[in-house]
Amino acid sequence: MATIDNAMIHSLIQHLGGKSNIQSVTNCMTRLRVTLHDSSVVDKDELKKIQGVLGVVEADEQLQLILGPGKATKAAEMMKASLGDNMSSPSLQEIARTQKQQIKSAQTSSIHQFFAKFATIFTPLIPGFIGAGLLLGLATVLQQAFVAGVENPNAFLVDLIAYMKVFSKGLFSFLSILIGYNAAKAFGGSGVNGAILASLFILGYNPEATKGIYSGLSNFFGLTIDPRGNIIGVLIAAIVGAKVERWVRKFIPDSLDMALTSTVTLLIMGCFTFLFIMPIGVYLFNGMSWLFSNLNGNPLGTAVLAGLFLISVMLGIHQGFVPVYFALVETQGFNALFPVLAMAGAGQVGAALALYFKANKGAVLRDQIKGAIIPGFLGIGEPLIYGVTLPRVKPFITACIGGAAGGFTIGLIAYLGFPMGLNTVFGPSGLLAIPLMTSPNGVLPAIATYLLGTVVAYATGFITTYFFATKDVDLS
């Protein structure tokens, strides 16, 4: 298994065009994201040959190197240290060339770029989703096993369960504010303005209500205020608010920017939110909930969703499903779509295992799979996608078939009257998702359904790859 060391970082910098060509370095869970002055001087073929690089992806103005979980963070830190103060300012010619590349990219892939921004909104929240979801899952298991139906349950256990659940309640009570903050920043506005606009969807507008925080407004100049629309409305308000803020800033003198830009932006966007975004958000939210609720209850629909999910990951638009997750949690009480889509990763694992057994002992492919299979079991599929199945095409297709089979299984069980889903908006997939499963019938039936779908996806991905996707495929 490749390690991140100084020699590897030196090779990466060399084939990225040298230190002077690197503008900035960031990372996510599995990718090293490098912003370059000139992407034309990058040697992508040599980058792919470096031990430990599982794939190279071009997205927006970034070059993304797939390294795997944990390794991306270490590589980013080491590369920043190596670059030091050598990340030079670009020349006028370089600026012009970069602007031209960005404009061309915007003309050809604006939809992809829009969905890519969702990653910057939701990715920072994922650890919190996972932590709160795991605690809620464990608390639910303890409650059903030792408290439900017990005449005199242990007082300490009751308090412990309540304590473990409080984090999930806190997360969901104020999650809209976090999303509003991140969304505004992602689209070029001030995060705090996005958070304030998001709070309009949380506040109450009924002075007689006994729950929530009363806003002090019972109507908007005589018009009824309906703060429904949930995350859809929050996203629209924050994104439009960022655009309005940038427009307002053009007319505000620099000396008054701090005092007036946000003031004017909030006045405009508050009115726009109450009059248009909230009503529209309700219809969009309800329509999205209806569509995916019906797809989830249809085994053919779940098969299609699971089968196509790897393609959405490959295109970088899979973050677009996150608003749907919120809609499902709001309407159903759990995220029924997430475990269906997680079957795509299970199909990928099955396909990779088939390639491992088909490859000869000592083959480089076997070493690649060894390094990526454990993260694959734990729900991190990018190393397998970009390093193993996608470059060989046929195994990628059979991995999608495996995911479709797992999705069909979960959809069929839901169709028979036993729906299930994730107990939080977002969480880990793979085997790590097991304790987060829930259903109206209890936690254990939900876990059993998820495991059955996963096994079916593993098996289908393995069998279809082993028998139909290795001929004329590079197994070296």
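If you go along the chain as it appears here, the first residue is 1 and each next one adds 1.
Glycine residues also receive a Cβ, built from the backbone N, Cα and C atoms like all the rest.
Per Swiss-Prot, the features are:
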| type | residues | note |
| --- | --- | --- |
| DOMAIN | 1-89 | domain 'PTS EIIB type-1' |
| ACT_SITE | CYS28 | active site, phosphocysteine intermediate |
| DOMAIN | 116-476 | domain 'PTS EIIC type-1' |
| TRANSMEM | 118-138 | transmembrane segment |
| TRANSMEM | 160-180 | transmembrane segment |
| TRANSMEM | 186-206 | transmembrane segment |
| TRANSMEM | 220-240 | transmembrane segment |
| TRANSMEM | 265-285 | transmembrane segment |
| TRANSMEM | 304-324 | transmembrane segment |
| TRANSMEM | 337-357 | transmembrane segment |
| TRANSMEM | 371-391 | transmembrane segment |
| TRANSMEM | 396-416 | transmembrane segment |
| TRANSMEM | 443-463 | transmembrane segment |
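Residue counts for the domain 'PTS EIIB type-1' (1-89) by DSSP state, with H, G and I taken as helix and E and B as strand, are 35 helix, 22 strand, 32 coil. Within its own chain, the transmembrane segment (265-285) is flanked in space by residues 189, 193, 196-197, 200-201, 220, 223, 225-233, 236-237, 240-241, 244-245, 248, 327, 330, which lie at least six positions past its ends and keep a Cβ under 8 Å from the stretch.
At the 8 Å Cβ cutoff, the transmembrane segment (337-357) and the transmembrane segment (443-463) share at least 3 close pairs (sequence separation 6 or more) and count as touching. Looking only at the domain 'PTS EIIB type-1' (1-89), the predicted model's pLDDT averages out at 82. Cβ neighbours of the residue listed as 'active site, phosphocysteine intermediate' (same chain, under 8 Å, six or more residues apart in sequence): ALA72, ALA119, THR123.
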